[in-house]
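Working notes, structure below.
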Amino acid sequence: MSLNSLDLPGKPEDTRVVVAMSGGVDSSVVAGILKREGYDVVGVTLQLYDHGAAVHRAGSCCAGQDIEDARRVSESLGIPHYVLDYEARFREAVIDPFANSYVSGETPIPCVSCNQTVKFADLLQTARDLGADALATGHYIRSRANGAHRALYRPVDTDRDQSYFLFATTQEQIDYLRFPLGHLPKAQVREIAEEMGLTVAKKQDSQDICFVPQGKYSDIISKLKPEAANPGDIVHIDGRTLGRHDGIVHYTVGQRRGIGVATGEPLYVVHLDAANARVIVGPREALETHKVFLRDINWLGDAPISDLPEGGMEVFAKVRSTRPPRPAVLRHADGQTWVELVDGESGIAPGQACVLYSDESNTARVFGGGFIGRSEREPQAEEMLRRLVANTASASAA
């Protein structure tokens with residue numbers, strides 16, 4: 001049997017596709033394209049978090065106005081549209097872990113957790129319950145057949161590449177998901193929206209983190225976890241106490257501005273010692289990292305990660321969403337998985353993701369990745385930090 005444009009058997013009219021509609025231009029165009037191709041399209045919008053009934057905030061996702069936009073687009077396309085209340089689930093699976101992670105001194109990525117749990121787990125099950133053959137989203141990433149399964153690849157438009165946030169997508173989810181925009185540049189998507197007469201054609205893009213008002217992480221974390229705002233010392237990596245801070249929630253590894261001390265030398269946050277409420281700062285070279293150890297790994301390679309050769313596997317690693325993939329070596333031994341960064345990176349923080357690729361091009365395959373549990377700096381800085389933390393632990397025990 002021949003395959004349709006979604007690589008599924010059967011004619012489009014016999015293929016039901018649930019489209020995850022956020023109310024933005026991307027998911028709206030996905031619904032429009034699939035409807036135009038003759039698929040049996042069903043739109044579903046998740047109500048995840050709202051700062052006020054039907055109050056739109058630029059950069060939010062799935063708030064009141066966004067839900068109304070998704071409804072209007074669905075109506076104009078002539079497809080059924082359902083709104084599912086996932087606020088409690090979103091709080092449990094995304095917001096609370098986000099706050100807990102910050103309290104422990106990490107720099108979490110809530111969008112990964114949202115995709116991993118709510119969007120690609122709960123919503124996927126909803127799509128199956130609706131009898132859908134696939135779940136389509138407006139993410140900028142590509143998938144294509146790889147033997148009996150499907151593999152992920154970077155999109156054509158690398159400026160919109162969302163593979164960093166989708167590394168935790170499981171093989172089962174990848175096989176069921178479809179990403180119709182992966183081969184299109186964003187500008188063309190807007191043009192298609194205009195051609196279709198969609199009301200959201202000129203709508204501003206979301207900024208992903210829907211539950212953080214005006215981008216102030218500290219506000220919501222302080223409300224959920226007041227202990228994150230406990231004051232403490234700002235300490236130089238060489239052991240000098242330089243000043244005080246109003247809570248580690250206001251800092252992140254790699255930060256330079258707004259540290260709150262003036263010493264005549266450029267200082268950066270190099271470590272958040274959550275156990276002792278300390279912000280540890282140092283020179284830029286103290287941020288340089290060449291090795292990161294991963295946890296909660298989602299490996300999407302063809303062979304098990306435990307079968308990596310003794311010398312490791314040459315890959316390209318991305319340690320921040322805004323940075324390009326850089327040469328690295330992936331290693332696995334004695335139950336540990338780590339990545340050696342050939343050129344080193346600065347500002348790497350626990351809780352961030354390290355995503356692995358076959359190469360640095362926009363056709364690169366996504367091999368998955370993991371969350372950064374810890375990292376190792378240049379030997380001198382690493383030893384200074386270990387000594388500082390160890391001495392504090394010994395003093396506390398005494």
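The backbone N, Cα and C atoms fix where each Cβ goes, and this holds for glycine too.
Lifted from Swiss-Prot, the feature list:
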BINDING   Ala20, Met21, Ser22, Gly23, Gly24, Val25, Asp26, Ser27, Leu46, Gly138  ATP binding site
DISULFID  Cys114-Cys210  disulfide bond
ACT_SITE  Cys114  active site, nucleophile
SITE      His139  site 'Interaction with tRNA'
ACT_SITE  Cys210  active site, cysteine persulfide intermediate
SITE      Gln352  site 'Interaction with tRNA'
Suppose we draw a 10 Å sphere around the Cβ of His139 (site 'Interaction with tRNA'). How many other Cβ atoms does it contain, all chains included?
25
Quick one: Cα separation, His139 (site 'Interaction with tRNA') versus Asp26 (ATP binding site), in Å?
8
Cα-nearest neighbour of Ser22 (ATP binding site) within the listed recorded positions, Cys114, Cys210, Gln352:
Cys210
According to DSSP, collapsed to three classes, what secondary structure does Ser22 (ATP binding site) have?
coil
Compile a sequence-ordered list of residues in the same chain as Cys114 (disulfide bond), six or more apart from it, whose Cβ lies below 8 A from its Cβ; state 'none' when nothing qualifies.
Leu48, Phe90, Ala93, Val94
Listed ATP-binding residues Ala20, Met21, Ser22, Gly23, Gly24, Val25, Asp26, Ser27, Leu46, Gly138 - what's their greatest C-alpha to C-alpha distance in Å?
16
Inter-residue Cα distance where the pair is Cys210 (disulfide bond) and Leu46 (ATP binding site), in Å:
12
Give me the non-local Cβ neighbours of Ala20 (ATP binding site): same chain, 6+ apart in sequence, Cβ-Cβ under 8 Å, ordered along the sequence.
Ser27, Val44, Thr45, Leu46, Lys119, Leu123, Leu135, Ala136, Thr137, Gly138
Which of the recorded positions Gly24, Asp26, Cys210 has its Cα nearest to the Cα of Gln352 (site 'Interaction with tRNA')?
Cys210
Within the chain of Asp26 (ATP binding site), which residues six or more apart in sequence place their C-beta under 8 angstroms from its C-beta?
Gly138, His139, Tyr140, Leu181, Val189
